[in-house]
Amino acid sequence: MNHDKSILLIIVQLLIMTGLVMMEMTNEPQGIFRGVLFTVLFIITAILLFMRFRFMVKLKGIVRALKRAIAGNVNTRLLTNDDPLFSEVIFSINELIEQLDKVKVQTIKSEAARKSLLSNISHDIRTPLTSIIGYVDALKDDIAVSREERQAYVEVISKKANALKDLIDEIFHLAKLDANEIPLKPELLDFAEIARESVIEFLPDLKKIDMKLEVSIPEEKCLIVADCLSLRRIINNMIKNAIQYGKDGKVLGIKLIENTKEYQLNIWDKGVGISKDDAAKVFERMYRTERSRNPLHGGSGLGLAIAKALVEKNAGRIWVESKPGIKTTFSFTLPKRNDS
Ligand code: ATP
Ligand code: MG
């Protein structure tokens with residue numbers, strides 16, 4: 001029943017009762033008890049009417065606030081009052097408005113991130129392509145005179161084309177991860193063994209640049225249930241970074257720690273490190289610190305974004321701690337196997 005009808009009914013009820021009171025007073029003047037009863041009924045009905053009005057005023061307030069929120073003013077909040085039922089409704093509505101606020105902020109952020117990602121991607125694709133086109137034109141026009149010069153041009157073209165292919169592979173990989181199109185195959189793994197195997201692959205690179213290795217991985221098995229390819233990729237990205245950006249520190253460390261419910265892998269170096277501001281952003285797509293935007297150092301800025309997505313898909317956490325020039329540690333965790 002809608003509220004206007006219920007008010008109408010209450011008014012009719014009041015009128016009838018008033019009539020009854022009048023009849024009672026004229027026909028039976030001694031009926032004091034009935035008179036009191038009617039008076040009480042009259043007061044109750046009046047209170048009901050008053051409550052109904054208050055209810056409608058509050059309801060209109062809620063509707064107005066909701067309309068404001070729907071129109072985009074998500075700072076609107078409703079005030080609770082002493083009516084417990086109303087307080088509950090108002091609390092839920094405020095919660096909904098808060099969620100709406102969060103979604104709005106998130107949408108603005110993702111839109112900005114999408115725009116900057118697109119412009120970064122097009123810049124990163126256009127730059128090597130322009131240079132490839134330049135070298136191909138030079139070869140076409142016979143600008144390179146000697147055989148060695150031509151060979152050098154071809155090598156640059158090959159290097160740039162391969163870097164471009166790697167970049168496109170990474171973008172594709174990340175897009176597939178986002179769309180949940182890379183099926184993870186969780187299986188029982190020995191974290192310690194995979195960490196050891198991963199680091200062994202980099203021994204020749206480390207030797208080449210004379211970088212010392214400090215390993216602390218338990219002898220015993222560290223059982224987890226995770227996707228093997230993800231795990232290898234996460235570790236590889238981190239070791240590659242430690243070598244690429246931390247080689248000046250001349251030491252690379254890898255340490256596997258057992259916590260209560262999870263294993264934690266730390267990969268550290270003593271290179272230039274990452275400032276506090278950059279540390280909050282290095283896991284964002286295509287983010288590179290000022291120094292690594294230099295083409296001499298540069299990657300595509302996707303490695304850590306991929307690592308983060310993979311760690312989270314495998315129910316872990318990832319973070320970085322850095323004291324520039326002293327020690328930079330990238331860490332991630334993966335939950336222990338349930339019954340280990
Ligand atoms: P790629 O996609 O080839 O890995 P990338 O190495 O530039 O490219 P990320 O691995 O995501 O991208 O790293 C992002 C940025 O974080 C790097 O460009 C670099 O500036 C910074 N960074 C990462 N690891 C380190 C490190 N160990 N020391 C200092 N800076 C680092
Ligand atoms: Mg990298």
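Cβ atoms are placed via backbone N, Cα and C, with glycine included.
Heads up, TrEMBL stuff is auto-annotated, nobody curated it.
Annotated transmembrane segment per TrEMBL: 7-25 (among others), in sequence order.
Long-range contacts of the transmembrane segment (31-51) within the same chain: residues 7, 10-11, 13-14, 17-18, 20-21, 24-25, each at least 6 residues beyond the stretch ends and with a Cβ under 8 Å from a Cβ of the stretch. The feature transmembrane segment is assigned by TrEMBL to 31-51 (among others).
According to TrEMBL, the feature domain 'Histidine kinase' maps to 120-338. Residues belonging to the domain 'Histidine kinase' (120-338) score a mean pLDDT of 93 in the model.
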